[in-house]
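Participant: Supplied in C-alpha cells, the structure appears directly below.
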Amino acid sequence: MSKLILVRHGQSEWNLANRFTGWWDVDLTEKGVEEARAAGRLMKEKGVLPTTAFTSVQKRAIKTLNLALEECDRLWIPVTRDWHLNERHYGGLTGLNKQETRDKHGDEQVHIWRRSFDVPPPALEAGSEFDLSDDPRYAGIDVPRTESLKLTIERVLPYWEEAILPLLAKGENVIISAHGNSLRALVKHLSNISDDEITGLEIPTGEPIIYDFDGANVSGERYYLKDA
Ligand SMILES: O=C(O)[C@@H](CO)OP(=O)(O)O
C-alpha cells in the first residue's frame, strides 16, 4: 500500500488580494507559510511521510513543499519540479481583481470563467505585462495563452501517468504540492467526478488530501489527513 498526498499551496499574496493568479509567480503570505508548516506537522503527527515529491515551477507551491517537508523532517527526499503541475493559466484575467471583474461582467460570467469545465477565460494578449513566454523557466515550452479546466487536465494527466503513477505502483509515498485547479484536475480523474459535478469542487489551502494506492490502483476514497 502506498499513499498519495495532495497539498494545495498555502495562502498566496494574490489569494489574499483576491486577484486572478494562474501562472503568475506570487509568493506565500505569512498565513500561507503557517498553513504549509501545519501541513508538515500533521504528516509527522499522523506518520504519513512522503518518500518522493513533485511540485510545479511556481514559488507558492515550491515553498509550501519545502516548509511542509522541513516540519516532517523529509527535506532529503527527491523533488521533481515540473510546469505540467502549474496552476491553470488564467489568460487575460491574470492580475485582475475577482470582485471588480464580477462587477464588470456579472457573477454568472465570472463563475463560468472560474469553474466551468471547458470554457477558457479570454486569451492573454501577446506583450501583456503578464506574458511569461520569455521567462527562462519556460524555455522551449509553448506557454498557453489561456486554459480551461479541460485543457489543464490535458497537460496534467499525461504527466501523472508517465512520471508519478509508476512511483506509487512501486510502493513510494508521493506528495504533490500544487494548485487549486491542477489538483482539481487530478482529483476529477482519481475520484471519477463528472464534468458537471467538478464545478462544485473546491480544494482548501494547506490541507493534505490522501489517496491510498494498491499497486497502480486507487484502493479507497480520498480523505483529509486531519480526519484520519
Ligand atoms: O487565481 C487563481 O489562479 C485560482 C486559484 O487561486 O483562483 P480560482 O479560485 O478562481 O480558481
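Each residue, glycine too, has its Cβ placed from N, Cα and C.
Pulled these from TrEMBL:
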- His9: active site, tele-phosphohistidine intermediate (ACT_SITE)
- Glu87: active site, proton donor/acceptor (ACT_SITE)
- 8-15, 21-22, Arg60, 87-90, Lys98, 114-115, 180-181: substrate binding site (BINDING)
- His179: site 'Transition state stabilizer' (SITE)
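Describe each of these features in terms of where it is and what it packs against.
Facilitator: For His9 (active site, tele-phosphohistidine intermediate), the same-chain residues that are 6 or more apart in sequence and have a Cβ closer than 8 Å to its Cβ are Leu28, Gly32, Ala36, Gln58, Arg60, Ala61, Lys63, Thr64, Ser177, Ala178, His179, Thr205, Gly206. In the three-state DSSP reading, His9 (active site, tele-phosphohistidine intermediate) counts as coil.
DSSP classifies Glu87 (active site, proton donor/acceptor) as coil under the three-state reduction. Its Cβ taken as reference, Glu87 (active site, proton donor/acceptor) is surrounded by 25 other Cβ atoms within 10 Å in the chains shown.
Around Trp14 (substrate binding site), the C-beta neighbours below 8 angstroms that are at least 6 residues distant in the chain are Phe20, Thr21, Trp24, Val26.
Following the DSSP three-state reduction, the secondary structure of His179 (site 'Transition state stabilizer') is coil.
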Participant: What residue among the binding-site residues Gly22, Gly180 has the most other CB atoms lying within 10 A of its CB?
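Facilitator: When each Cβ's neighbours within 10 Å are tallied, Gly22 tops the list.
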Participant: Who sits close to Arg88 (substrate binding site): which same-chain residues at least 6 apart have their Cβ under 8 Å from its Cβ?
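Facilitator: Same-chain residues close to Arg88 (substrate binding site) (Cβ under 8 Å, separated by 6 or more) are Gly22, Glu147, Ser148, Leu149, Leu151, Thr152, His179, Asn181, Ser182, Ala185.
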Participant: Quick one: give me the count of other CB atoms within 10 A of the CB of His179 (site 'Transition state stabilizer').
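Facilitator: Other Cβ atoms within 10 Å of His179 (site 'Transition state stabilizer'): 27.
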Participant: Looking at the binding-site residues Arg8, Gln11, Lys98, Gly180, whose Cα is closest in space to that of Glu87 (active site, proton donor/acceptor)?
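Facilitator: Going through Arg8, Gln11, Lys98, Gly180 one by one, the closest to Glu87 (active site, proton donor/acceptor) is Gly180.
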Participant: Counting all other Cβ atoms within 10 Å across every protein chain shown, which of the binding-site residues Arg8, Lys98 scores highest?
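Facilitator: When each Cβ's neighbours within 10 Å are tallied, Arg8 leads.
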